[in-house]
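*Asks:* Just lifted these from TrEMBL, have a look:
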DOMAIN    D:14-153  domain 'Molybdopterin cofactor biosynthesis C (MoaC)'
BINDING   D:L74, D:C75, D:H76, D:M110, D:E111  substrate binding site
ACT_SITE  D:D125  active site
Number of protein chains: 6
Amino acid sequence: MKGFTHTDGKSVRMVDVGSKAVVRRTATAEGHISLTEDTLKLIRKKRIEKGNVLVTAQIAAIAAVKRTWDLIPLCHPLPVTGVDVEFDVTADGITARVTVRCDGKTGVEMEALTGVSVALLTIWDMVKSVEKDEDGQYPETAISNIRVLKKEKAELEEVVE
Amino acid sequence: MKGFTHTDGKSVRMVDVGSKAVVRRTATAEGHISLTEDTLKLIRKKRIEKGNVLVTAQIAAIAAVKRTWDLIPLCHPLPVTGVDVEFDVTADGITARVTVRCDGKTGVEMEALTGVSVALLTIWDMVKSVEKDEDGQYPETAISNIRVLKKEKAELEEVVE
Amino acid sequence: MKGFTHTDGKSVRMVDVGSKAVVRRTATAEGHISLTEDTLKLIRKKRIEKGNVLVTAQIAAIAAVKRTWDLIPLCHPLPVTGVDVEFDVTADGITARVTVRCDGKTGVEMEALTGVSVALLTIWDMVKSVEKDEDGQYPETAISNIRVLKKEKAELEEVVE
Amino acid sequence: MKGFTHTDGKSVRMVDVGSKAVVRRTATAEGHISLTEDTLKLIRKKRIEKGNVLVTAQIAAIAAVKRTWDLIPLCHPLPVTGVDVEFDVTADGITARVTVRCDGKTGVEMEALTGVSVALLTIWDMVKSVEKDEDGQYPETAISNIRVLKKEKAELEEVVE
Amino acid sequence: MKGFTHTDGKSVRMVDVGSKAVVRRTATAEGHISLTEDTLKLIRKKRIEKGNVLVTAQIAAIAAVKRTWDLIPLCHPLPVTGVDVEFDVTADGITARVTVRCDGKTGVEMEALTGVSVALLTIWDMVKSVEKDEDGQYPETAISNIRVLKKEKAELEEVVE
Amino acid sequence: MKGFTHTDGKSVRMVDVGSKAVVRRTATAEGHISLTEDTLKLIRKKRIEKGNVLVTAQIAAIAAVKRTWDLIPLCHPLPVTGVDVEFDVTADGITARVTVRCDGKTGVEMEALTGVSVALLTIWDMVKSVEKDEDGQYPETAISNIRVLKKEKAELEEVVE
């Protein structure tokens, strides 16, 4: 196979995980979006013009979790079994927390992180008109502190139909 | 985890099915589209301008079955093993019947229903120009009676290579 | 180009719409899902285990409208400018109504019909556990009467930034 | 249309932008991922096992920009005309900056923000094995400071073929 | 913007085409798949077990044309207006020819080439069981001679509704 | 089920593979793109304007392998575990070789072939501006000799976590 570029350290590969065990995988990730007081008030009163911000963000996060393999180039496709998306509306913004479960050969932290990112982006999109200043800029809006809270694996539990 | 909105009954979650058994799942769904006599004649004679109506609808249905997890927000991704799409051209329209098979942790009735829906929508799209009246409206076209005929599960049979 | 199968009436083509005018297109479609009284009570009280049924169905419908070109084989890609999804919870089920707007070369009735279909399928998915009988079947659930209420086109209005 | 839930302030809609002008839109967004010194050394030397981190992240970002309408529920589809993805490898991590251009009816800040988010997630995925501690956790990795640097619109310039 | 990697000649960008004119674009591409005599006989007699080979390949090609922007990393999204897929069943295989039309800022040769490639791959998939030898290998099957026959552009013609 | 069109030999089905064994599957495919000397020189010097040709083609190929089930109508979804994409820059063009691994019920040759095809199409797209002649045509560019080098299956090896 002389001449092929594979081993020169500059190319990309999707590492084979065929020999890894299928175990129960769980990962929880979190992140925060800073919003103005006005926006937070409108969210609490459910008066955002585009509609229900948090449910829309939950659904967007779940969809993104399921599509992580198609968004992150070297992620493996995984049969996700469950997704939880929670929000904490704080004094200066909203914290999103996503937990992903899967019986698979690789961890699901990228799925949880992708869910958090898309949840926060969706919140931003829903409140654009109130976050923008008079010049159409976003001086206060920012997403930060996206991180993995916990990653676990365990033997497959006994199945119960 | 105080403050998080998860348990207030208004948020959305993708229920974890990790502890359910992998069994052989089958579901059959059916639905009907009402069409004008003229359109049905053209379909029977294979003279619809856009082309082969029924094969196009079959392929669209199979694609939709495989993508159900990406269309229905809380559906789990499932490794579909087989899809059958059949049509009965009747006196007043076409009945579509879709059977989906899978070895998985959840039933496949949503996959079968999605296949039927997309098959019928595709038929509509193929015959738009003959179904429309002179005002561009569809006074007679309608999709109805989409339902699950049968849903089954069974122990995984012995595999035979 | 002798020998090519194109003109034998059995093949499929995506008709060129390049010479059609770009006009303002609107289409409204509607459909109904029959549900049991118990399910409707739970939906009204927002006590469905999977979460907020109607907002989930709205978001699924909007996503499906935007992807219609990828679901229905011969549909053209269209720059959808607006989507409205409304529900009427009636005595025996839920009616979904979807209006789609676009400045384009082809009508948007397939987009509206696809939105209605996916809205109703999503409702079904959200209430599966309460609609199923003790044998796991759906004796009463059915989707029906999916049709186009109105389809319009108009000259592009003056743009106002 | 009595009975329909549309106006109760809790539902979701995709606001119609049909009457907005098509203008040249530009938006630039930025974000940062904190990485360990060891990881940054390996990236600089192009010795990350999975391959070329920055080019992979660029391509993932461009793909995500093009799919923003399909990831963020209420975003409108937009004909993106150009995407630039740049990285600055700093002492404590990598800053990603994405500029998106489009001739359209709505701004492209969500596209730029989505590109930045997916670029940073892809970097994380590429360096997972070196960022993880002995317990499989990520004590130091974090994504932060995702924000819009600048958003502009301008009359369509004269086209030059 | 010192430090950013953009101009080092090794990174990737999606070149901005915002200043190019919208013109009528057409491209035709062609390619060939070599098949055994036995397979060609079965195709001619429509006795391939998986079903109608050529219509399936047409539909797959049209879908791939519409998704080219999502498959080829630096392609721009384009509003395809028409697709024609033709086949010539020859003595030693099948030739596929795809013509794509679009009113856009960039040419559509990649769309036509992608359509041809997926048409030929779909044919291969449909006849796998008859093309395979007793060891499950494909000694005779091959795709070749994929090329652009013609690429054109023209002023937008007068629109006729 | 009288009247249904299923068994008339002209319809399409996705054959059920539920009863096949899950085994370790591997397939390697290869293909070639002919390019001008000028283009090959620029690729070798990494001076192609759009950027890093080979890494872009690798990533596009990996994405296409993962999406094969969504591109080829009757392919089954498969949990791909690994993908290798290699290139050999020869005197008259570039050869792409793709190896796909999976633990599944069906072979992965279509995934490998799809990866090769999209790798070669991506290379073409990256070098369009240098391959085109003064009339915007491609007199020398061509993709050829796409074939399966080897297809194998084996018992699932012992898993090692």
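Glycine is treated like the rest: Cβ placed from N, Cα and C.
Help me understand the surroundings of these features in the structure.
*Replies:* Spatially close to D:C75 (substrate binding site) yet at least six residues away along the chain are D:T68, D:W69, D:M110, judged by Cβ distances under 8 angstroms. The DSSP secondary structure for D:C75 (substrate binding site) is coil.
According to DSSP, D:D125 (active site) sits within a helical segment. Close to D:D125 (active site) in the fold, though at least 6 residues off in sequence, lie D:K50, each with a CB less than 8 Å from its CB.
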*Asks:* Any idea what DSSP makes of D:M110 (substrate binding site), helix, strand or coil?
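*Replies:* Once the DSSP labels are grouped into three classes, D:M110 (substrate binding site) ends up as helix.
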*Asks:* Tell me, roughly as an integer, the mean pLDDT over the domain 'Molybdopterin cofactor biosynthesis C (MoaC)' (D:14-153).
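*Replies:* A mean pLDDT of 96 is what the model gives the domain 'Molybdopterin cofactor biosynthesis C (MoaC)' (D:14-153).
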*Asks:* Which chain-mates of D:H76 (substrate binding site) that are at least 6 residues away have a CB under 8 A from its CB, listed by sequence?
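*Replies:* Spatial neighbours, sequence-distant, of D:H76 (substrate binding site): D:M14, D:V17, D:W69, D:G104, D:K105, D:T106.
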*Asks:* Given the binding-site residues D:L74, D:M110, which one's Cβ is surrounded by the fewest other Cβ atoms within 10 Å?
*Replies:* D:L74
*Asks:* Chain A proximity: which binding-site residues among D:L74, D:M110, D:E111 have CB distances under 8 Å? Answer 'none' if there are none.
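*Replies:* Listed binding-site residues passing the 8 Å Cβ cut to A: D:L74, D:M110.
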*Asks:* What recorded positions from D:H76, D:M110, D:E111, D:D125 have a chain C Cβ less than 8 Å from their own Cβ?
*Replies:* D:H76
*Asks:* Given the binding-site residues D:L74, D:C75, D:M110, D:E111, which pass a C-beta cutoff of under 8 Å against chain B? Sequence order please.
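*Replies:* Of D:L74, D:C75, D:M110, D:E111, none lie near chain B.
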*Asks:* Treating G and I as helix alongside H, and B as strand alongside E, what does DSSP give for the domain 'Molybdopterin cofactor biosynthesis C (MoaC)' (D:14-153) in helix, strand and coil?
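*Replies:* For the domain 'Molybdopterin cofactor biosynthesis C (MoaC)' (D:14-153), the helix, strand and coil counts are 48 helix, 48 strand, 44 coil.
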*Asks:* Within 10 Å of the Cβ of D:E111 (substrate binding site), how many other Cβ atoms are there?
*Replies:* 31
